[in-house]
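For reference, the structure I am asking about is given below.
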Protein chains: 2
Amino acid sequence: MKIAIAQLNPTIGDLPGNTQQILEAAQQAVAVGARLLLTPELSLCGYPPRDLLLNPSFVTAMGTTLQKLARDLPPNLAVLVGTVEENFKANITGGKSLFNSIALLEDGQVKQVFYKRLLPTYDVFDEQRYFEPGLQANYFTLDNIDIGVTICEDLWNDEEFWGKRSYTINPIADLAILGVDLIVNLSASPYTVGKHNFREVMLRHSAVRFQQPMIYANQVGGNDDLIFDGHSFAMNRQGEIVCRARGFDTDLVIVEFDEEQHDLQLNTVAPAYEFEDEEIWQALVLGVRDYARKCRFSKIVLGLSGGIDSSLVAAIAAAALGKENVLGVLMPSPYSSEHSISDALALGENLGIKTTLLAIKEPMQSFDQTLAELFAGTEFGIAEENLQSRIRGNLLMAIANKFGYLLVSTGNKSEMAVGYCTLYGDMNGGLAVIADVPKTRVYSLCHWLNRHGEIIPQNVLIKAPSAELKPGQVDQDSLPPYEILDDILQRLIHNHQSAAQIVTAGHEPVIVDRVIQMVARAEFKRRQAPPGLKITDRAFGTGWRMPIASNWVGVKNAYQAKTIPTPTLVCGDGKDANLQSK
Amino acid sequence: MKIAIAQLNPTIGDLPGNTQQILEAAQQAVAVGARLLLTPELSLCGYPPRDLLLNPSFVTAMGTTLQKLARDLPPNLAVLVGTVEENFKANITGGKSLFNSIALLEDGQVKQVFYKRLLPTYDVFDEQRYFEPGLQANYFTLDNIDIGVTICEDLWNDEEFWGKRSYTINPIADLAILGVDLIVNLSASPYTVGKHNFREVMLRHSAVRFQQPMIYANQVGGNDDLIFDGHSFAMNRQGEIVCRARGFDTDLVIVEFDEEQHDLQLNTVAPAYEFEDEEIWQALVLGVRDYARKCRFSKIVLGLSGGIDSSLVAAIAAAALGKENVLGVLMPSPYSSEHSISDALALGENLGIKTTLLAIKEPMQSFDQTLAELFAGTEFGIAEENLQSRIRGNLLMAIANKFGYLLVSTGNKSEMAVGYCTLYGDMNGGLAVIADVPKTRVYSLCHWLNRHGEIIPQNVLIKAPSAELKPGQVDQDSLPPYEILDDILQRLIHNHQSAAQIVTAGHEPVIVDRVIQMVARAEFKRRQAPPGLKITDRAFGTGWRMPIASNWVGVKNAYQAKTIPTPTLVCGDGKDANLQSK
């Protein structure tokens, strides 16, 4: 039996468009003789639909659409479609009103519906907000083959593999006990660095442990902050990859279940990405392209400072929408270095994008004059530094508004973590392209990008990072060296380490304390940041839910806290990330 | 037995400060002869601690703090303290790693720990993200009185009262079956309009149904977007209020359990609020005061346009921090009317706050000149309108940065819903004071405020609302009348009605469609808005989780969607909320 995996890229809530994608995949599947077509989790509405699910007319429309899709599908093809189903017993027995479901469509009908059993409610996932878990093992029989059905998280609780349980049950084990011939998993699993490889390793454990051939069908495409990488695959009962779809693109691949051998046969195996930088690059390009496309933008504008962050983002934007659709704006101030202009122009030439130059001296003077009386007797400081950044932010938004460009912001994760960025200034934009990319990774991506020749100008790579908001300013006036900062941030944010643990790992206590406090007090800025493309397992954004008005900075002993300075939140505190006390 | 309710106002994560509050309440309780002290849910860390709970050192510190608190408490007083407890079996049986807990402290020890059974995971609540539900009915015996312990949501599943079940079990029924003498509920229940009354009505049902006296202890205070209203109370087995604590302030009240009558005795009953406007006013004042205090701001700055929104917010700010700590900034443009100045000055005088005037003509001209070449041949439009708002936003942030003020934004819920506001302009601020207050309610609050004499100038109340971003502009050029808009929004956002249902209720189809599309396409603006004080059951903010890059606008039939124009997201699209197609 030939089984087709449709690795689809749905737009959230676009029921007609997503249905059309499924119909087209079904035609292709029939053309190559497939008997069964797999589509990703919630393929009808796209994942994650979030609070659209609270809208009864949305749920009703999904039901209507599913029925019509069943009638419109070609004959002799069974199709698994991701949808939601109402929990009609919810009001009587208690529980959420929906099931995250897979519908088996065949012969013009909805033949069976399967419910997701394990509902992720961590990081960016909120499934227990909407869904009731299914209680039964899910399978169906097609041409005498018993096919077990699992949905995304249902795979992720093999206690042998993890060394612990996250949920009481393991749906794979349940299906193995039932003795199905094959297990399929329909997923919408967001990208993080190396995750596609991890999925294969994890699934191999289950395939071998339970002697089950497995097919993994994943969603692809960017939906706001989340990038789905695709990388659907199939594995035989020995845990060998027999088929792999492309990463970061739609695909339709075929895998054959051999009824004699009771196993999957070897087929096309797309190569896996060898280098993390290449993989991250592909993810970010897809994230930008899909955010723009799904929001109906064809052009991008961004500020070019001559620094490495905006250089990388310009390269990503050009790869995503085409160099002819990217406008880089140079906005020098009297504090800007000459190389800030020459480096940005060199980058623009290397990329072939359009550039334009708008000096900000005049607006700066007009603000200075307007505020002169009020600010009389005060010294140049954060207010004046931030104003420069905000004037640039205004110019970029004016261009975006005037010509219908998407403005993208260019801050990296290290900056976002410690608040070394200006709210309503360089943070402006519809999408924060590298907000989950630490500064050290920004360098590594740029070096990878230059592997065949210069794209990011050499001088951008070697000069000291600077916000250039006052004469002679460099980032390291305010921040520890980025290698040290990024290691502390990795331990703090990803590994949930305490100050004591980070110090034990070899960092200076005074620096660790300072970084921890900067991270805490930058929460108000992050709350107002645009969606940032997620590439790690702990990104700022929908999966980062921190209080702002709090007073916890990771002290070692609660009763000692009073002796440790508490962070002062300064709304709009800018590039200067020094702790201030008022 | 005398029982004290400590209606506390904790700061999130401030373990030493919150512990000190509990110790002080304990001293007061002992002074009036109480044997038992009740504190709110998670009183040790404040509610909601959110992702601080993912930090192991935070959880460890809570344990250490709890042990020390037990030792420091006065003798002969039993105290119920809200804390978290680790689920040590999580890795073996599956499940979340924490329990939302109440610890019984007595004789210098943690005597018993109770786990919350019903975990709200809807709206602003994410408890299944962190907690495993408790499986047992919770009670303890003190001086031969059996006291049932419930935590917040444990109360909210009486299937008789609701006419449906939200959870399988009803912890109150379980305790009634066990035959306890008294049930206490320790809560952190956020304010919405009329909710304190609703809680009393709901609890009365359970008290009478199960013939149980009940004590309800609630948190008070503002934590970011959430305002906790306090209004703790106690009820005898006939469902009569025997004690009520103040609303919107800390309090310590005593209630006596009569061991002969097996019931609670009548005690102090603070009056309930009679008028919704008064109640909302108190809530917003508390929300502003606590956000400022907990973020360590003593002064507020805001823009005064002479319009009703900024007038109301200025009045709230003055009530929250004192008139001497509020600075109103008038920023007229060449398009500003004369009354925009005179009305703002009259308001400033009525309130006794400081005002200053900064004309924005010069910065406008400098931006126009800077952009002249790039914008040559284009007409005055949204880009230019937004620039005015953003210049004002920059000036306000410069003042906030220079002098350490908290900038508050003044947009109302109707504007936030349809996107009639400028991102990085009038949306700027650390807190959006009236972002959950519809425009019609803004008027009603101002009329209530003027009940004893003019505070909001009369002309502000009667003139047509206008953004004054171009000559002669009024809101109703772009929006339906606010009475109509607010009714459509109430149906759409709160009641989850479809376009068809809203039309059936009597609204024009073309207006309904337009409003629905405006709401959908303003999602990118709301995502970058400051936290807004929540006063309704469906506020934009932490409990509003919508996709941005989506294509669902509430059409009646999914297959008809293609014929309906889809919303175009224009990043930074401003006060002009007309639908644009590019």
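Keep in mind that glycine also has a Cβ here, set from the backbone N, Cα and C atoms.
Automated prediction, rather than curation, is the source of TrEMBL annotations.
Straight out of TrEMBL:
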ACT_SITE  A:GLU41  active site, proton acceptor
ACT_SITE  A:LYS116  active site, for glutaminase activity
ACT_SITE  A:CYS152  active site, nucleophile
BINDING   A:TYR122, A:SER189, A:LYS195  L-glutamine binding site
BINDING   A:GLY303, A:LEU304, A:SER305, A:GLY306, A:GLY307, A:ILE308, A:ASP309, A:SER310, A:THR410  ATP binding site
BINDING   A:ASN386, A:GLU415, A:LYS525  deamido-NAD(+) binding site
DOMAIN    A:1-259  domain 'CN hydrolase'
Excluding near sequence neighbours, so keeping only residues 6 or more apart in the same chain, what lies with its CB under 8 A of A:ASP309 (ATP binding site)?
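Same-chain residues close to A:ASP309 (ATP binding site) (Cβ under 8 Å, separated by 6 or more) are A:THR410, A:GLY411, A:ASN412, A:GLU415, A:ILE434, A:LYS439, A:VAL442.
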What's the CA to CA span in angstrom from A:ASN386 (deamido-NAD(+) binding site) over to A:SER305 (ATP binding site)?
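On Cα coordinates alone, these residues lie 15 Å apart.
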How many Å separate the two farthest-apart Cα atoms among the L-glutamine-binding residues A:TYR122, A:SER189, A:LYS195?
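So the maximum pairwise Cα distance among the L-glutamine binders is 17 Å.
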What is the number of other Cβ atoms found within 10 Å of the Cβ of A:CYS152 (active site, nucleophile)?
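A 10 Å sphere around the Cβ of A:CYS152 (active site, nucleophile) contains 26 other Cβ atoms.
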How far is it from A:TYR122 (L-glutamine binding site) to A:CYS152 (active site, nucleophile), counting Cα to Cα, in Å?
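Cα-Cα, rounded: 14 Å.
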Just checking: which of A:CYS152, A:SER189, A:LYS195, A:GLY303, A:SER305 have a Cα that is within 10 Å of the Cα of A:LYS116 (active site, for glutaminase activity), counting only these recorded positions?
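Taking A:CYS152, A:SER189, A:LYS195, A:GLY303, A:SER305 one by one, the ones whose Cα falls within 10 Å of A:LYS116 (active site, for glutaminase activity) are A:CYS152.
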Which one is closest to A:LYS525 (deamido-NAD(+) binding site) in space, judged by CA to CA distance, out of the recorded positions A:CYS152, A:SER189, A:GLY303, A:GLY307?
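Closest by Cα distance to A:LYS525 (deamido-NAD(+) binding site) among the recorded positions A:CYS152, A:SER189, A:GLY303, A:GLY307: A:GLY303.
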What is the separation, in Å, between the Cα atoms of A:SER189 (L-glutamine binding site) and A:CYS152 (active site, nucleophile)?
7
Over all pairs within A:ASN386, A:GLU415, A:LYS525, the annotated deamido-NAD(+) binders, what is the largest Cα to Cα distance, rounded to whole Å?
15
Among A:GLY303, A:LEU304, A:SER305, A:GLY306, A:GLY307, A:ILE308, A:ASP309, A:SER310, A:THR410, which the record lists as binding ATP, how far apart in Å are the two most distant Cα atoms?
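Between the most distant Cα atoms of the ATP site, 12 Å.
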For A:GLY307 (ATP binding site), what is the secondary structure by DSSP, using just helix, strand and coil?
coil
Restricting to the same chain and to sequence separations of six or more, state which residues have a Cβ under 8 Å from that of the residue listed as 'active site, proton acceptor'.
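Counting only residues 6 or more apart in sequence, the Cβ neighbours of the residue listed as 'active site, proton acceptor' under 8 Å are A:TYR47, A:GLY82, A:ASN100, A:ILE102, A:LYS116, A:ILE151, A:CYS152, A:LEU186, A:SER187, A:ALA188, A:GLN219.
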Between A:GLY307 (ATP binding site) and A:LYS195 (L-glutamine binding site), how many Å separate their Cα atoms?
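On Cα coordinates alone, these residues lie 30 Å apart.
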With Cβ-Cβ distance below 8 Å and at least 6 positions apart along the chain, what are the contacts of A:GLY303 (ATP binding site)? List them in sequence order.
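Non-local contacts for A:GLY303 (ATP binding site): A:SER310, A:GLY328, A:VAL329, A:LEU330, A:MET331, A:ARG392, A:LEU396, A:THR410, A:ASP426.
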Of these binding-site residues, A:TYR122, A:GLY303, A:GLY307, which are close to chain B by the rule of a Cβ under 8 Å away?
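Cβ contacts with chain B under 8 Å: A:TYR122.
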Measuring Cα to Cα, tell me the gap between A:LYS195 (L-glutamine binding site) and A:SER305 (ATP binding site) in whole angstrom.
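Between the Cα atoms of A:LYS195 (L-glutamine binding site) and A:SER305 (ATP binding site), the distance comes to 33 Å.
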Taking the recorded L-glutamine site as A:TYR122, A:SER189, A:LYS195, identify the other residues of that chain whose CB atom sits within 8 Å of the mean position of the site's CB atoms, giving them in sequence order.
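Other same-chain residues with Cβ inside the cutoff are A:PRO120, A:ASP123, A:PHE125, A:TRP156, A:PRO190, A:THR192, A:ASP537.
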